[in-house]
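Per Swiss-Prot, the features are as follows:
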BINDING   D832, D834, N836, Y838, E843  Ca(2+) 1 binding site
BINDING   D868, D870, N872, E879  Ca(2+) 2 binding site
DOMAIN    819-854  domain 'EF-hand 1'
CARBOHYD  N100  N-linked glycosylation site
CARBOHYD  N348  N-linked glycosylation site
CARBOHYD  N382  N-linked glycosylation site
CARBOHYD  N455  N-linked glycosylation site
CARBOHYD  N537  N-linked glycosylation site
REGION    30-596  region 'Peroxidase-like'
REGION    960-1245  region 'Interaction with TXNDC11'
TRANSMEM  602-622  transmembrane segment
TRANSMEM  1042-1062  transmembrane segment
TRANSMEM  1077-1097  transmembrane segment
TRANSMEM  1129-1151  transmembrane segment
TRANSMEM  1186-1206  transmembrane segment
TRANSMEM  1224-1244  transmembrane segment
TRANSMEM  1245-1265  transmembrane segment
Amino acid sequence: MLRARPEALMLLGALLTGSLGPSGNQDALSLPWEVQRYDGWFNNLRHHERGAVGCRLQRRVPANYADGVYQALEEPQLPNPRRLSNAATRGIAGLPSLHNRTVLGVFFGYHVLSDVVSVETPGCPAEFLNIRIPPGDPVFDPDQRGDVVLPFQRSRWDPETGRSPSNPRDLANQVTGWLDGSAIYGSSHSWSDALRSFSGGQLASGPDPAFPRDSQNPLLMWAAPDPATGQNGPRGLYAFGAERGNREPFLQALGLLWFRYHNLWAQRLARQHPDWEDEELFQHARKRVIATYQNIAVYEWLPSFLQKTLPEYTGYRPFLDPSISPEFVVASEQFFSTMVPPGVYMRNASCHFRKVLNKGFQSSQALRVCNNYWIRENPNLNSTQEVNELLLGMASQISELEDNIVVEDLRDYWPGPGKFSRTDYVASSIQRGRDMGLPSYSQALLAFGLDIPRNWSDLNPNVDPQVLEATAALYNQDLSQLELLLGGLLESHGDPGPLFSAIVLDQFVRLRDGDRYWFENTRNGLFSKKEIEDIRNTTLRDVLVAVINIDPSALQPNVFVWHKGAPCPQPKQLTTDGLPQCAPLTVLDFFEGSSPGFAITIIALCCLPLVSLLLSGVVAYFRGREHKKLQKKLKESVKKEAAKDGVPAMEWPGPKERSSPIIIQLLSDRCLQVLNRHLTVLRVVQLQPLQQVNLILSNNRGCRTLLLKIPKEYDLVLLFSSEEERGAFVQQLWDFCVRWALGLHVAEMSEKELFRKAVTKQQRERILEIFFRHLFAQVLDINQADAGTLPLDSSQKVREALTCELSRAEFAESLGLKPQDMFVESMFSLADKDGNGYLSFREFLDILVVFMKGSPEDKSRLMFTMYDLDENGFLSKDEFFTMMRSFIEISNNCLSKAQLAEVVESMFRESGFQDKEELTWEDFHFMLRDHDSELRFTQLCVKGGGGGGNGIRDIFKQNISCRVSFITRTPGERSHPQGLGPPAPEAPELGGPGLKKRFGKKAAVPTPRLYTEALQEKMQRGFLAQKLQQYKRFVENYRRHIVCVAIFSAICVGVFADRAYYYGFASPPSDIAQTTLVGIILSRGTAASVSFMFSYILLTMCRNLITFLRETFLNRYVPFDAAVDFHRWIAMAAVVLAILHSAGHAVNVYIFSVSPLSLLACIFPNVFVNDGSKLPQKFYWWFFQTVPGMTGVLLLLVLAIMYVFASHHFRRRSFRGFWLTHHLYILLYALLIIHGSYALIQLPTFHIYFLVPAIIYGGDKLVSLSRKKVEISVVKAELLPSGVTYLQFQRPQGFEYKSGQWVRIACLALGTTEYHPFTLTSAPHEDTLSLHIRAVGPWTTRLREIYSSPKGNGCAGYPKLYLDGPFGEGHQEWHKFEVSVLVGGGIGVTPFASILKDLVFKSSLGSQMLCKKIYFIWVTRTQRQFEWLADIIQEVEENDHQDLVSVHIYVTQLAEKFDLRTTMLYICERHFQKVLNRSLFTGLRSITHFGRPPFEPFFNSLQEVHPQVRKIGVFSCGPPGMTKNVEKACQLVNRQDRAHFMHHYENF
C-alpha cells in the first residue's frame, strides 16, 4: 500500500474541510499546518463523519430498550426514578473527598465533558418519560396531592436509528466528539465567528476586556431561567463556546479563564509577530490553547480523577473509533455529581476566604450551589478580581466524598424543565439512561470483562446496608435489573468503581489516539517536538498564574488535588449548615396575566361583525339624511295640512310589527279617514247614524295609547307623543260623535291588556280566510278537511271579528278589481240586500251560490236584476249596453265604445230583438242560452287552416271566429284513449269556409279535438303527507342544484377530512397533533375547505363562461342560472368554516401560549429555537406579531365588512355600499395568499386551489372589458301590474337578434358596472327593443323606482342604459318545426313573448315559414302573475288573422290555497266568458283553465290534429318540475310510432 506524504495529506485535508480561513478563503494557505475544522468533520480522512457535530453516540454495550428498538423501559418494569434517587443517593453532606480532590477538578471535569459531548437538548418530535412523584414527597408534593409529575423530554436522536432491533435508537451528540476546545471556540465555524473580534486574533470582549460580550442571538446560548429568582433572558449570560457554559458561576469562571488565556496568547503572539494578521494570530493562539487544554485534561486532570494514568501515546491510530459512548456520558456525569459540594468558597491570593452576598443582601461563607444556577449579573462576580477569587476558592476547597450520596442541591433543587423550576438531578439522570437504552449494571460489567457481584452486599462494603436494602427492595431483590447508573454509584467509594473507571479510561484512550489533530501527533504538523514538550509541561496552575497574574505560591502544584501543607487550606468542609436555604420549587403559569387580554382579544374579534354593522349603519344614515333633505319641504307641507284638519299619531299594526306615522282626519258625513305621512289615503271608515263607537284608553306607561273599536271594522290602535295630545284627540272625537249623533263609550285599562284586546288587521284576515274557505267549500263541494277549521277561541274578540262585514272597497279587493268598476258597483248593490253599505257573509254566500250552483235561469235572472238599474222589470238597450261595458272594463277595455255598440246591435239582431228597445227576463235568458249553446262546443281549426272570419264584417262574429281553438269537454263526456273525446255532432266546423257559418248551424263532419281539460290535484290532508309532498316537489324542482351542491360539498368534506386526518394522525411526527389535536384538526381541515371554497367561488362570477356553458349540453346537468345563489351558498359555507378555522386557531393560540419552548421548537422548527428559556410567546404575539396572525385578523375584518354589507337588508338600503365593499375581494385574496405563505404549520397550498379558478376568472374579466357596450336612451317606461316594469329603448344600429334571445343591461343611475340579464320581449322586426322586468330583487326594485317618473320632459328624463348582448337561447329554434308547442311557467313566458310577436309579424307579411301552428301554454300559480302580459298576448291575438297561435292559460292555485281572487276568477270566468268570448279578467280570447295542464293527453291529441307532421318542437321555460313533466310526457308519447316530439327546455 502506497503511503502518502504528510504534506499531501495536509493539503488534501484542508481542501476537504474547507476550513482554509474564516470564510474558506486562501488566507489559511499561508499557515504551515492544516487548520482543524470547528464542527469535527474530516478529522478522520477515512470516516469523515466521526466525531462531527450531530454524530450519534457509539455504544460499547448492546442497547436495552423495552421493544428492542426505541421504547424506553418504564414503570413497572423498572422502579420509580424518584424513589430510587431517595433510596440510593440521599445522605448527609459535608464528607470530604477521600483523595482530597478539589472542587476545581469537579467543575473542570464538567467543562471537559461539555467539550466532548452534549445530549441534553430535547429531541423532536417531543417524547416524554415523565417522572411520577410519589405522594407526599417533601420537596415536590408537600401537599400530598398525588398527581405531581415532573416532565422529562427525551433527548435528540439520530433520525437514521431506531428503526429495527439491529439498528436501535442512538442519541446524537450536539457538539464535536473530539477534545478540540469546542467548549471554548464553539462547535461550528459560525459560532466561532460570533465569538471572535476579528482584531488581533482575540475573542470578542464586552465593556470589560476580561469578560466576553453578552450572549447574542447568533450564538444560541442556552438561557434557562434562574430557578431561584425566575429571572430569564440572555442579559447577563456570557458568550462561550459551550452552549450551557453559564449554568453555574463555577463553569462560567472556567469559561472566563480559557477566554482570557486565549486572548493572552493572542497578545503574546502579536508582540512576537507584529506582521501576522488577525487570522494567523487567532489560529496560532487557538492551536496552542487547544493543545494546552488537551494536555491538562488527559495528563493532569484525568489521573487525579481516576487515580490512573493513560498508556503512553504511540501515535495517531486512524482506525480507532473515538466516538463518545452513552456509557461514558452517564459514568462521568454521575461520578461528578457525587463530588459537588453544597457551596463553593471564594478567596484571594492571600488565603482570605471572603463572605459572599446572597439574595436580600445577606452574606454567607460560600456560594450556595442551588441558588446560583443560571444566575444573571451575579453580585459576587462583577469584576475580574472576584472571578479570580472564585477560581482560587475552588482550587483550595475539597470536594464531597466520592460515594453514592448526592447533595440536595442537585438531588432536589436541580434546574427543572417546563413549568417546574426544580427537578431531581439523579432521577433525571436515571431517565436519561433509560432514554439512551443503557444496559444493566451486570451487562456492562460483562461487556468490559469485569466480574459480576453475586449478591447485593458484594457491590461495595462501604455503602450503608440500609441503602442497599432499600435499593434492592425497589428492584425486587433482582441484581440483574440494577441499572448502570446506580450500580456505578454504589460501587464507588473514594475513586470511581471498576466499571466507571474502565468506561472513562477507554473513552479517553480512544479520544486521544483516534484524534488526527492531537497535539502530540507529530505527523499533523501542528507543533514541533520542542513545542510539544513545552505544552506537556504546562499545567492548569500555570494557566491560572498567567491569567490571574498571582504569585505561584498561592496555589498548590496540582490544583485538582489539595495535599496537606498546600497553601490556603479551606476553613472547614462545607455542609448545608450556615448556608442559605435553597429556593423552593415553583410552578410557572405561562398564561399568568394573559387571561384578560386573551378574552378581550377574542371578544374584539367576535365584535368585528358588530363594528361592520355599525359602519353600515353610519353609511345608511348619511344616505338617509340626504334623502330626508329632499323630502323636507314635503314633510313641512304635510305637517301644515295635517295641522289644519288632521291629528298626527303612530298606528300600532300588531305585535312584532313596527308602528308607522299616520294622520287621522274626522271628515263630514260621519267619515273617519286615515292617511300616511305623504297624505295617501290608507283607510276610510264610513260611520252610520246612531252607530256605537267604543274608545279604550290606556291608564299606564304615560297614558299615550288608545284603542278605537268601530263595529264591522278592525280596530285602530293609536300611540300619541304625550297624554295631552291623546286628550286633545279624544276631545275632537267626542265633539265629532256629538255633532253626528254617534254613541261614544269610553273605558280604561292597562296598555298591555289594550294591545291584547285589539283585533288587528292580520287577525281579521286570518279569520276571514278560514271563513272564506268554508264558504267556498259549500259552494264548490270541497272537502271540509281541505278547507280548514275555524279557531276554537270563543273570546269576545273573535265573536266581534266574525260580525264584521265587507265594505265596497274590501269587496272589490277580494275580486281583484277596482272599487269604481261598474261590475263591482252592480254586483255589490245587488248583494247588499239591507242597503247598509256593507256586505255580510250571508249576502256574499247567496250571490256565490247562484253563480256556482244556480240553474241557467237563476244565473240569467241574477244578471238581469243586477243591470236593471231602474228596477222596472225590463232591461233597456242602454242598460244592456251598461252591462256589456262593465264586462269591457273588467277585460282591460279591449273594445272601443263604437265597437261595443255594434256588438250590442249585432246581438239584438241575431236574437231577433232588433225592433225591441227593452228586454224582458225571458228575452234576456233566451239570448244568453242561445250563445251559451253555441260557445260550449266549438270545432277545432285543422292544420294550416286560416282566413277564418275574413268574410264576416260583424265584429262579434269576428271575435267568435278568431277565438283560440280550445275545446272543453261537457260534463257528460268520458275520456277516451289518447285523450280524444267522441265526435260532437253539434260542433261547428272551423277553418276555411266553415268559419262563415251562422250561429245555430250544426256541423256535419266531426274533427279531432285537443284534450285540454285541466288536471285538478287533490290537496294532501295530513301534516306528514303535506311535508312529504313539499319535500318531493323541492327535490323535483332543485334536483340539479341538489346534485351540484352535494358534489361540491362532498369535495369540501373530502379535503377537510383529508387534511384533518393527515395532520391529526398521519403527518410526519411534529408534536402538533399531540399538543392540540382538536385545534389542529379543526384549523387544518377548515383551512383546506376554505381555500377550496374561496378559490372556486370565483367561477360563479365568470358570467361570460356561464353564458357560454348555458348553451351547451352541460346546462342539462348544471344549473348555471343559479350561479348567484350558488355564490351566496358557497360564501355562507365559507364564512362558517372561516369562523370555525378561527376558533380552531384560538384554541391553538391558547395551547401554544401555555406550552414550553422545547415543545414549540419541535412544532415550529423554523420559528422557534429551544434555548432553554422555557417561556413561550404570549398570545398577542401569535395574533398580532406573526404574518398568519395579523393577516388572519385582517381577513376576519374584511370578511365582516363584506358579509355585513352584502346582507339583503343593507343591499336594499345602499346597493352602492355593497358594490364597493364587495370589491374588497381583491384584498381578500391578497391576504389569503400572504396568510398561508408564512408556512407556519405547512407549506403554502392555497395556490393549488386558487391558480386555475383565478386564471379562468381573469380571462373572463378580460373578455368583459373587451366587449362592446352601447349607451342607449330609454324611449318609454311604464309600471305594469304584478311589479313588472316595461322598458322600451332605442335599438342600436347594427343590433341584430333573434326572437327568444336575451341581453344584459346596466342602468347608469344604478352603476355602470352592474349588469343584469333579461329576455327581449320585442320582436326582431320592431324598431325598438323592449324588456319586461319583474321587481324581484333590490336592483330590479330600484330600477322600478327610478323609472316611475321621468326627471325631465319626455324620454330625456329617463336614465340611460348600457346594453350588452344579445345572447342566444335554445328557444330560437322554434321556426324549424311545422308545429311548435311553447310552454311557459310563471315569469318563464318572457322568451316566448318575442317569439309570438315575431311569428305573427312574419305571417302577416306572407313570409315563407316552415312553422304553420304555434300552441302557447302558460302555467301559472295565480292570475296575478300574467296581468302584465295581457297587452302582449292581446296584440298577438289581434294581429293573428291566420289563426297561427293558440293560447292556453292554466291557473294551478285554486283549492290548494283558496285565494279569493283566484276563486272568483274561476266563478266569473266560467260564467261571463260565454257572453263576450273573452276572459273576464285578462281580456283575452283564450280560455283560462284552473288546474295543471295534461301534457301527455294534449300531445296525443296533437298527433290526431296534425297527422301529417312528423316532428313537433316542444319548448319549455320555467321551474324544473314543469319542464320535467313536459319531458316525461314527450318521452311517453315518443314511444309510439307517430309524430316525434323534440323537447328543448330552460330552467330558471
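Glycine residues also receive a Cβ, built from the backbone N, Cα and C atoms like all the rest.
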Contact between the transmembrane segment (1224-1244) and the transmembrane segment (1042-1062) (at least 3 Cβ pairs under 8 Å, separation 6+): no
Nearest recorded site to Y838 (Ca(2+) 1 binding site) by CA-CA distance, among recorded positions N100, N348, N382, N537, D870: D870
Average pLDDT across the region 'Interaction with TXNDC11' (960-1245), rounded to a whole number: 76
Cβ packing number for D868 (Ca(2+) 2 binding site), 10 Å threshold: 20
Result, the transmembrane segment (1129-1151) in contact with the transmembrane segment (1186-1206) (3+ CB pairs under 8 Å): yes
Tertiary contacts of the transmembrane segment (1129-1151), as residues 6+ beyond its ends and Cβ separation under 8 Å: 591, 598, 602, 605, 1045, 1048-1049, 1052, 1075-1076, 1078-1083, 1086-1087, 1089-1090, 1093-1094, 1096-1097, 1100, 1179, 1182-1183, 1189, 1192, 1195-1196, 1199, 1203, 1206
Alpha-carbon spacing, E879 (Ca(2+) 2 binding site) to N836 (Ca(2+) 1 binding site), which is rounded to whole Å: 25
Cα-nearest neighbour of N348 (N-linked glycosylation site) within the listed recorded positions, N100, D832, E843, N872: N100
List of residues, in chain order, with Cβ under 8 A from that of D870 (Ca(2+) 2 binding site) and at least 6 apart: E879
Residues flanking the Ca(2+) 1 site, with Cβ no more than 8 Å from the Cβ centroid of D832, D834, N836, Y838, E843 and excluding those residues themselves: E805, A831, K833, G835, G837, L839, S840
Residues flanking the Ca(2+) 2 site, with Cβ no more than 8 Å from the Cβ centroid of D868, D870, N872, E879 and excluding those residues themselves: Y867, L869, E871, G873, F874, L875, S876
Neighbour tally for N872 (Ca(2+) 2 binding site), based on other Cβ positions within 10 Å of its Cβ: 10
Alpha-carbon distance [N537 (N-linked glycosylation site); D834 (Ca(2+) 1 binding site)] in Å: 140
Closest of N382, N455, N537, N872 to N100 (N-linked glycosylation site), Cα positions, recorded positions only: N537
Chain-internal residues, separated by at least six, CB under 8 A from N836 (Ca(2+) 1 binding site): Q688, E805
Other CB atoms, at most 10 A from the CB of N348 (N-linked glycosylation site): 17
Reduced DSSP assignment, N455 (N-linked glycosylation site): coil
